[in-house]
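Remarks on the structure that follows.
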Amino acid sequence: SSGLTLSVSCLQPSCFGYPLSIFFIIINEFCERFSYYGMRAVLVLYFKYFLQWDDNLSTAIYHTFVALCYLTPILGALIADSWLGKFKTIVSLSIVYTIGQAVMSVSSINDLTDHNRDGSPDNVSVHIALSMTGLILIALGTGGIKPCVSAFGGDQFEDDQEKQRTRFFSIFYLSINAGSLLSTIITPILRAQECGIHSKQRCYPLAFGVPAALMAVALVVFIVGSRMYKKVQPQGNIMTQVAKCIGFAIKNRFRHRSKEFPKREHWLDWASEKYDKRLIAQTKMVLKVLFLYIPLPMFWALFDQQGSRWTLQATTMDGNFGAIQIQPDQMQTVNPILIILMVPVVDGLVYPLIKKCKINFTPLRKITVGMFLASLAFVAAALVQVQIDKTLPVFPAAGQSQIKVINLGTDNATVWFEPQIQNVNVTSMESTAYMTFETSQLLSFKVTSGNKITTQPTKLSEGSRYTLRVKNNATDIVAELLFDNVTSKPEEGNNLIRFINNLPDTINITMGDTSFGTLASLSASNYNLFPGGREYKITAIINSMPCSVTSKALGFGSAYTIVINKCSGENLDVTYSEDIPPNTVHMAWQIPQYFILTCAEVVFSVTGLEFSYSQAPSNMKAVLQAGWLLTVAVGNIIVLIVAGASKLSEQWAEYVLFAALLLAVCIIFAVMAYFYTYIDPSEIEAQLDEEEKQVKKDQDVYEKQGEADSQM
């Protein structure tokens, strides 16, 4: 036994005045946050491009998952406080979490069900089932350990280490942001790689696999430090006591609802028959703060759309930052970068300046300002969206078709669309923009070029685009309609490229590493996808002779028809016809909205936690922590409801709607805050202590009096 005591005391070493055990906890938290935010960064794009869900379903499932992650902490706190204790809860739920991340990685392996090796999964439902299982396990894991890790870190300090404990929480918050920052930079880079056994795809298995590996590292690191930890036995959960107290008060009040019973000062006083005065007083304080929490979810409803709507917005933008190429899901890194920079600036510079100006910037005023700023950020997002919408191509609606004309000949040509709808002149080797027609009205077209003329009937299908190839040959005019199988912008900033062979010979074409096969004279290839932001080598083999040219630098989200005209020497002569214009709104335009939203987070989130702690009795911190996390969950549920019920076809209008809703909530909160009176829990508790002492004194006096009387 003495040997054991000795080993334990040796194993409580300290480093720079801190218990050594907290370094394991901070490394664990860094790895866990890396794992969570890394997986979350690419999640909405995984739904959209791998599972082929539309924007709305992807957004809905994303926010359902986030809501679940913030509902499970209540479960985690109950398990830790009432049953397993913090250490065992963290270990067991981390195992669940690691399994979830591994399942998520497996679910994104394309070759799992791609039996015909065409590059897309044959049985998507297998992938959906696996990824949903993975996400539920992750939500259980991350949520369950969330309330335990920071509290477990706090438990490692002695009562006289208040300063170190405060510093620990700052370092802890920093490790969260460092993990989140690194993972939001790294996982999108991994996702952008090409990998796969039979066909090359975006590398989601790697993007989910690295977070899974880091979660395993987090678990191992945490267990390694096991013998150093100070483990506090579970004390029973205060949340259950609070809930029982409230339940009893309501039940008791309902029982005594008739007039004959005298009213009590506060409805919670109806619990006094069963619960002591202290618990009732503490519950009153907690409910006072929880009441103020009611409007807060609206803030999180906007804040958490960074990972869904704002990421999807970035996919329609130009990510070319000169030397580096930014992926849409990497724009989220702006938030943690700004947080790390701004928390010290706001604390050290902004707040002291406000104080100097004799403005009383109370915590509730800070929260109100935070809500207003978040609302402003969404107005900025709407303005960016309006600019993006201007650059998006107009595709044919129901009942419409679109035609563009490419003149492949050396003479100018005129095309009449009959009966007398419109006519268009096309210069040699040029093309027109797409023209929109009512499908049922367009019956034929007539082409004149030089002194030749040809008329052809048309039979178009609704909602489709066509290219009319026109060429004045020596003997006749060739006029053929080509079906363009594209009715939306290419995703993820990729580009669609196809070729038309304008040479008399049959040719074989490759661009980069992609072969377009053999093309007969005047025929067209299918479209192929190419990543944006770079140039490609185009090679045509004509009569066994290679002829090549370097393409122009492709933008993002464009589509081109490249016409092969002639080969002089070894140089290929090509012309470009733009089918879909590239994304022209730069991703940098998202920075202002991220900046405003981060300012909002700094004054809202940090202040909110601080305020909760200052207004709650010491043993009720967990209840308020749970309440705070609950506001995040409810916020994500609000996104589902608003996005589902609004039925707004324009994305900018949805942003404005969210901004308006938050502004309205912000005004309500400002009114609530105006009538709130700040309290000092320690003062109230001291008063209760005093009263209890007085009661005890009176009892003692009464007992002594009773003894004296009996002796007489």
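In case you wondered, yes, glycine gets a Cβ from its N, Cα and C as well.
Nobody curates TrEMBL annotations by hand; they come from automatic prediction.
Pulled from TrEMBL:
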type     : residues : note
TRANSMEM : 6-27     : transmembrane segment
TRANSMEM : 34-51    : transmembrane segment
TRANSMEM : 57-80    : transmembrane segment
TRANSMEM : 87-104   : transmembrane segment
TRANSMEM : 124-145  : transmembrane segment
TRANSMEM : 166-186  : transmembrane segment
TRANSMEM : 206-225  : transmembrane segment
TRANSMEM : 285-303  : transmembrane segment
TRANSMEM : 337-354  : transmembrane segment
TRANSMEM : 366-386  : transmembrane segment
TRANSMEM : 622-643  : transmembrane segment
TRANSMEM : 655-676  : transmembrane segment
Interface present between the transmembrane segment (124-145) and the transmembrane segment (655-676) (three or more C-beta pairs under 8 A): no
Tertiary contacts of the transmembrane segment (87-104) (same chain, 6+ residues out, Cβ under 8 Å): 32, 35, 39, 76, 79-80, 130-131, 133-142, 144-145, 148-149, 152, 208, 211-212, 215-216, 218-219, 222-223, 226, 229, 231
Other parts of the chain folded back onto the transmembrane segment (366-386), taken as Cβ under 8 Å at six or more residues beyond its ends: 295-296, 298-299, 302-303, 309-310, 313, 585, 589-590, 592-594, 596-597, 599-605, 607-608, 611, 651-653, 655-656, 658-660, 662-663, 665-666, 669-670, 673
Residue numbers, six or more beyond the limits of the transmembrane segment (285-303), whose CB comes under 8 Å of its CB atoms: 242, 246, 268, 364, 367, 370-371, 374-375, 377-378, 597, 600-601, 604, 608, 611-612, 615-617, 620, 623-624, 627-628, 630-639, 642, 658-659, 661-662, 665-666, 668-669, 672-673, 676, 679, 681, 684
